[in-house]
Each structure stands twice: as structure tokens, then as C-alpha cells.
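Q: Pasting a structure below so you can have a look.
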Amino acid sequence: MEPTTKLTKALLKNTHDPRLAWHLFKRILSLPISPIHLRQSVPIIARILIRAKMLKELDHLHQLLLNSPLLENLDPSLESLVSILAKSCLFDKAISHFKSLRLRFPEKPPSIFLYNVLLRSCIRENRVDFVSWLYKDMAVAGVSPETYTFNILIGLLCDSGRLDDARELFDKMPEKGCKPNEFSFGILVRGYCRAGLASKGLEFLNEMRSSGLLPNRIVYNTLISSFCREGKISAAEELVDRMREDGLSPDVSTFNSRISALCSEGKILEASRIFRDMQIDEELGLPRPNVITYNLVLMGFCKEGMLEEAKTLVEAMKRNNNLMNLESYNIWLLGLVRNGKLLDAQSVLKEMLGVGLEPDIYSYNIVMDGLCKSGMLSDARMLMYLMIHNGISPDAVTYSTLLHGYCRKGKVFEAKNILHDMIRNNCSPNTYTCNILLHSLWKEGRISEAEELLQKMNEKGYGVDTVTCNIVIDGLCNNGQLDKAIEIVSGMWIHGSAALGNLGNSFIGLVDSSNSRKKCIPDLITYSTIISGLCKAGRLDEAKKKFIEMMGKSLQPDSAIYDTFIHSLCREGKISSAFRVLKDMEKKGCSKTLQTYNSLILGLGSKNQIFEIYGLLDEMKEKGISPNVYTYNNVLNCLCEGGRIKDAPSVLDEMLQKGIPHNISSFRILIRAFCKACDFTAAQEIFEIALNIYGHKEVLYSLMFNELLVGGYVSEAKDLLETALDKHFNLGNFLYKDLIDRLCKYDKLEAASDVIRRLIATGYHFDPASFMPVIDGFSKIGNKREADELAERMMEMASQSRTLNKAYHNASNFIHDKKNKDGGTDWQTIVHRDDCCGIALKALKQVEKGCGQGSVSNLRRQKDEFFDYWDGSN
């Protein structure tokens, strides 16, 4: 055996000792060996040095080879070294050595193989800037590209979205003596499909067939998958048939694409039929489903809320241990959470741990998100502790989810603690996390804390983005600082996020920080917020100026911004202006929304234009926009105000038949309208329907009671009040005092006294002034005993209760819109009054004379107590 051969074998034996191997290689170079032996040993030592990360020795190796007397010309061993460096992700060294070769041997061009290797390396390492240089160097060196070279370049252009350039290069291949192969066509087909141009890819497939090349299964699957993603199921099915005609059997990837597309379109039953056929119909030669197939069907069931079917599939997958993997469990967890089965989701987590399949961070975050959205924050915290106990550190998503949950509940203090825990556990908050808390602080009106957080975001380098600025702008608008918000928007165009420095001293750091200088320019949401704020404030002219400014900044308005203007104009009764805005809205290509129709119906209703409203309702039906409860309530209002009350019940019937979520306001509108028209029979019918739907609600009883009373149906009102008392309703919104007054005026003192006694018996703390009309009535007819008894009870109630029922005036304002200047009860006014009728003091004096029961001294003491109370001495 020759010495050089022995040394080469010695290199292989000493791969574990790279320094010894390097020493042996240098010995080889010092021996009189042939270039063939050198070419054998160079790849070996190069790989040994790369694995050992001996980069200096690699550079030395390159120099030794260049200076070797054996290599007078460019030798394959030099090319192999460059190729190995490129394939080993040492791109910069590969290019550096390649350039060195080109300088050393300008007349000896490298092989096309080396160029191809370097081009592939450029793409893999995302160093596309060298691709053009290498291609030009090929031309200078006179190296002709091959089909593989063109395929590399076409693939790069397709991945960069430059499909036209890729097609142009493809067409030039014959000029360079290269004939496109099936891979050339396949690369372009894939490029078109990835760009959402499956039809273009199909045209190219037809060109491929006319060129005498048959598409392979990969090309077909690429097209089928793309058509499925675009929802063109029939086109995909045709391709499957063509695939079979070309002698290619659809594989599991083909079927997975079809199943995925059907599930995406909600056609889960059709997808499950294909899935079932794959499982049982072997005669047709269908491929067996794999884990991807099972997961796709499971996801489809969960998405459609078919949890029983999903559960059955999960059980089947568990019986085959190769099918239920971590991704399967995560799909099942997500399906359970999205369908509100949180307890089941928590059980699945425990099951995973029980079978030895460790949940990953995504598994925990799925359940965490469901718990937080359901307000189960304690359970979410416990889950995070379990997660940590099982060796998985919470990430930014975990903390952000929990923080968002606390903010949604208005628990800002706890949310801030979550942020502190996050930082303490070396999990850096991102801008999204901070924005959640910032939004909550503004919403809660805790402005100083919001400013402090914003300052810290800047100091810690978390970044202040456009979303952050929009949160601040929205907060300012909601807190009445509209002009400051406008100032910040203007400043954002010049200073970016540094415009927030205009808020005050606590934001000076933002202006001075280099991080804040990055451009944070206003977007559509920014202008939508400002325009909405101006419209709500009635500053429509300024809102129009901001709209024009937005258009000047190349920001195209959406339907939401137009809806803001339309709603404001309709609210102010400027219907013609609203329809002009609508015309511009449609001209700009923005479609009418439900909000648009609701605003227009509201405006037309204020003008009693019922015919036009029905026209809008017909238009909504044509466009497939379903009215909501606000639409119907606006229509009901318009009909009732326009004197077409008889048409109103049919609108309510339509709403109930269509299953439109309704509210009590719908019934309130009708009850008031029928009562106003003195049709109390119809009002009673509506009242009964409402009770059947919503149950015996206090708001319904108070509404009906008050309307009956105003309409003069005193006996009916009294009966309804007694029912309300039996149901222990709060009487804050009942005009019970007006009922007592009217009963007294109609000489129904016994009935009025009965109401008083019922109120006392049920333990209500009502206004003592309610006694006075009854006391006066009994005094006038000479029934001193009854008058004195009621007066004494009134005195006891006034002295014992320090907090009188002030809610009565809320109900009173419902009709009379009256309120004492001092905000107190009628009793407070009465006890300070000494008019000729002597209502309060007269009753007190009668009691003092001993006409009633109880000691005079005790009654005097009670009188002094409540006079002191109202004088503020207590």
C-alpha cells in the first residue's frame, strides 16, 4: 500500500482528533504524491475542520492548495473545497475562496456544477444579492448554463413574486441551448399557485402537455391543492380525473387537499364521506388516510360545532396509537374551547399528561385563552401554575392572554401585577402586551397610570407603534381632550410616535428617545377615531376637514367612516346631507352596512317618512343584510310617532318570527304608543306577550303601571302595584305616590290607605310624604283617629329612616320631568312648609294635643329628631 493511501486512511481514522488529522494532512502535502491522491484527501480534511469549527485552518488549507506545485491550473480539489464550504452553510468563506480562484485562474473557468452549488447556497442563505453577480460571472467565464441552472433561477424569481420575469427567463431557455424539463414547468406552476393564480398555472400545465411532457403527481397535487384553497372544487375534481387519465393514481396528498377545501367551505359532511371511503373502499384503490387526513376532518368537525362526531373520531384515533399526536390533541382542545366546553378541555389536558404526551405551550395557551374569555381567571392562574410545574415556562402569549382577561374584567391592578410578574420571570413584554394594559387604563380613566406605562414602554424599548398612538388618541377623545388628540395626529406625520410628547412632562422621554423617532404614521383607524370624536361633539365641519386631510394622505375611507358621518347627520335631522354622503360612499366603492341602514331609518323616522323606510327595508332584503333589533325598534318608533300604531304589531311579529334578538325596548315602544292612544286593551296584550318572553320583570311592571296611571286607569294600576308588591319588586320606578294622590282625589281614601298599609307591611322604605294626602283626606271627613294613626306612623318612619327613598323622582321624571332643587324627596319640602292647609305641621300639632295614640312627649321627641335631621344638625 502506498504511503499516501495509508495517510488518507489515517485521516479517516482520526476524524475524532481534528488537530492530529490536520497534522497528517500537511504531511501528505509534503510527500511526492499524485494530484489524484490529493483530491481524495481534500474533502476528508475539509469536513473534519468544518465539524471542529477550525475556521483559520480552513483558510490555511485554501492557501496551501493554491501554493501547491501540484496545482498549476484550477484543480477539482479547489472546487470541491468551495463546494463543501457552500453546502456547509459557510457561504461567506465559499464566496471568498471562489473569488480567489477566479483571480488566480482567470483563464480557467469553474465548472457549471460549482456555479449551481453556489446559486443554491445563495437562495438557501437568503443572499440573493450574489445571484446576479454569479450569473454575470458565468457569462464572463463563458460557462453555459444548464437546465438545472435555469430551474434554480426560475424558482428564485417565483419565490420573490416576480412571475413575469420567471416566465421570461423560462422562454429564453432554448436560446441558451437548454430544454425545459418537467421540473421547469413544475416550478412555474407552483409559483403561479402560490400567488393565487391557479388558472394561470393550469394554462401552463396545458403548455407542458403540448411540449411532449407529462405532468407528474407533484404538479397535479400542487394545482389541485391551489384550486381547493380558492374554493374551486369542481376544477379540482376535473384535475383529479385528468390525473387518472395520465395513469397517475391520486395519493393521500391529493385527497387531503380536497378534504381541506371542503372543510374550509363548511362542507364537512361531504369531506367526511370522502374520508370514510378512504378508510373502507380498498377496491377503488383509494389511499389510506394518514394522520394529516384525520386531523383535517377533526378540525372540520370542531369548526362546525359537531363535537359528538369529533369525539367519536378522537376515540378512533386513540385506538390507533400512530394517529393521535400532539397536533391532534391541540386541534381537539381548540374545538372544545371554541364551543365553550372548558371543563372538557381541562380534562383533555390532564389526559395528555396521563398518557405521557406532554402538552406544549400552545396546548396550555389554548385553554388559557378560553378560561380568560369566560372570566374564569382563578382557573387560568391555576393552569399557569400547573404549566410551570410541568416544566413549561409561560411565554408572551400566555401572559398577554391572562393580562387581557383581567383588563376585560376591569381589574387593572391585577393586570399590572401580571405585567410585573412577566418581567420578573425574564419574559419580555412586547408592544401588544403593553397596548392591552394601556387601553384598559385609558378606558378606566386612569390617565396618570396610562402615562406612566407609556413612559416605561419607551424606556424599556418595548416600542411605541401606531396601535399605541391610536389607543392614546381614543383615550383622549373619550376623556374630552379632543383638541389634544387632533394635535397628536398632526404631529405623528412629522415626528412619528414622538408626537405623544405633546401630552405633557411625563412624556418628554418619548421626544428625546431615539426609539421614538421611527415613523408611526396615522392610519385609517387613527382618522376614524378622530372623525368619530368630532362628530359626537357636533363639530361636523372639522370632521369634514379631517376627512379631506385623510384623503390627501392617500388613506381611502371605509364604510365605518362614512357611517359615522351618516349617523351624525341623521341624528341632527339633516337627511339630504346624509344621502349625499351615501352617494359619495357608494361612488368610492364602499358598501352599505347594517349601521348605514339603521342610521338612515333613524333619520327618516324623525321626518316620518315611512314609505322611504320600507324602501330601505326591501333593499336590505335584496342585499342579504338582516335587520337587527335597532332596525326594528326604529321602524316601530316611526310607525307609532307617525300615527300608524295598528301597523306596529306586525313589525313585532316579523321580528319574533325571524328570531331576531329583541329587547324590552321593543315592547316599551308599543306599550307606550297604545297607552298614549288610549288603547289599553292592546297595551295589555303586548304586556302579556312581553311577560311570556322575558318573564315577570320589574321594568315591564313599572312601565305598564305608570302608563295605566297616566291614562286614568287607577284601579287597574292599583291592582298591578299590588302584584308588584307580592313579587317583592323594587318600587323605585313606580309612580306609587301619584296613585295615592289620585285615589284621594277620587275620594277612595280606604283604597289609598290600603296601598299605604301594604307598603308598610312589605317593609319598603318609601317617602313619608306619601302619607300626607291620605292624612289630609281623613282629616277633612272628620276621621281623626285614622288621620292620627297614619300621622304617628309617618313620624316613626321619618325618624327611623335616615336614607329616604329618592328613587321616586327618577320615576316621576318619566312623565312629569320635575325635581326638587335640592335633590331631596317631597317629604323634605313638606316639613319645611307651613302653608294655610297645614298639611305637615297640622298633623303634628294634632298628635301633640293627644288626639292620637302614644305619649305626647315621645311624639315631640320624634318631631324634634326629624326636624334636626332635615336641618342638617345630625
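Even glycines carry a Cβ here, placed using N, Cα and C.
Pulled these from TrEMBL:
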type   : residues : note
REPEAT : 111-145  : repeat 'PPR'
REPEAT : 146-180  : repeat 'PPR'
REPEAT : 216-250  : repeat 'PPR'
REPEAT : 290-324  : repeat 'PPR'
REPEAT : 325-359  : repeat 'PPR'
REPEAT : 360-394  : repeat 'PPR'
REPEAT : 395-429  : repeat 'PPR'
REPEAT : 430-464  : repeat 'PPR'
REPEAT : 465-499  : repeat 'PPR'
REPEAT : 523-557  : repeat 'PPR'
REPEAT : 593-627  : repeat 'PPR'
REPEAT : 628-662  : repeat 'PPR'
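Mind mapping these onto the model and telling me what they sit next to?
A: Here the repeat 'PPR' (111-145) has Cβ contacts under 8 Å with residues 79, 82-83, 86-87, 89, 91, 94-95, 98, 102, 152-153, 155-156, 159-160, 176-178 of the same chain, all six or more residues outside its ends.
Long-range contacts of the repeat 'PPR' (146-180) within its own chain (CB-CB distance under 8 A, at least 6 residues past either end) are made by residues 112, 115-116, 119-120, 123, 128, 131, 135, 138, 187-188, 190-192, 194-195, 197, 211, 213.
Across the repeat 'PPR' (216-250), DSSP helix (H, G, I), strand (E, B) and coil residues number 26 helix, 0 strand, 9 coil.
In the predicted model, the repeat 'PPR' (290-324) shows an average pLDDT of 89.
Note: the repeat 'PPR' (395-429) comprises 26 helix, 0 strand, 9 coil (DSSP; helix = H, G, I, strand = E, B).
Beyond the repeat 'PPR' (465-499), the same-chain residues lying 6 or more positions past its ends with a Cβ under 8 Å from any Cβ of the stretch are 431-432, 434-435, 438-439, 442-443, 445, 447, 450, 454, 457, 510-511, 513, 516-523, 525-527, 529-530, 532-534, 537, 539, 546, 553.
With a threshold of 8 Å between CB atoms, the same-chain residues lying at least 6 positions outside the repeat 'PPR' (523-557) that come near it are 466, 469-470, 473-474, 477-478, 482, 485-486, 489, 492-493, 564-565, 567-569, 572, 588, 590.
Within the chain carrying the repeat 'PPR' (628-662), a Cβ under 8 angstroms from the stretch's Cβ atoms is held by residues 594, 597-598, 601-602, 604-605, 608, 610, 613, 617, 620, 669-670, 672-674, 677, 679, 682, 686, 693, all 6 or more beyond its ends.
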Q: From the DSSP assignment alone, can you count helix, strand and coil residues within the repeat 'PPR' (325-359)?
A: 26 helix, 0 strand, 9 coil
Q: What does DSSP give as the helix, strand and coil breakdown of the repeat 'PPR' (430-464)?
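A: Taking each residue of the repeat 'PPR' (430-464) in turn, the totals are 26 helix, 0 strand, 9 coil.
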Q: Run through the repeat 'PPR' (465-499) and tell me, per DSSP, how many residues are helix, strand and coil.
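A: Result for the repeat 'PPR' (465-499), in helix, strand, coil order: 31 helix, 0 strand, 4 coil.
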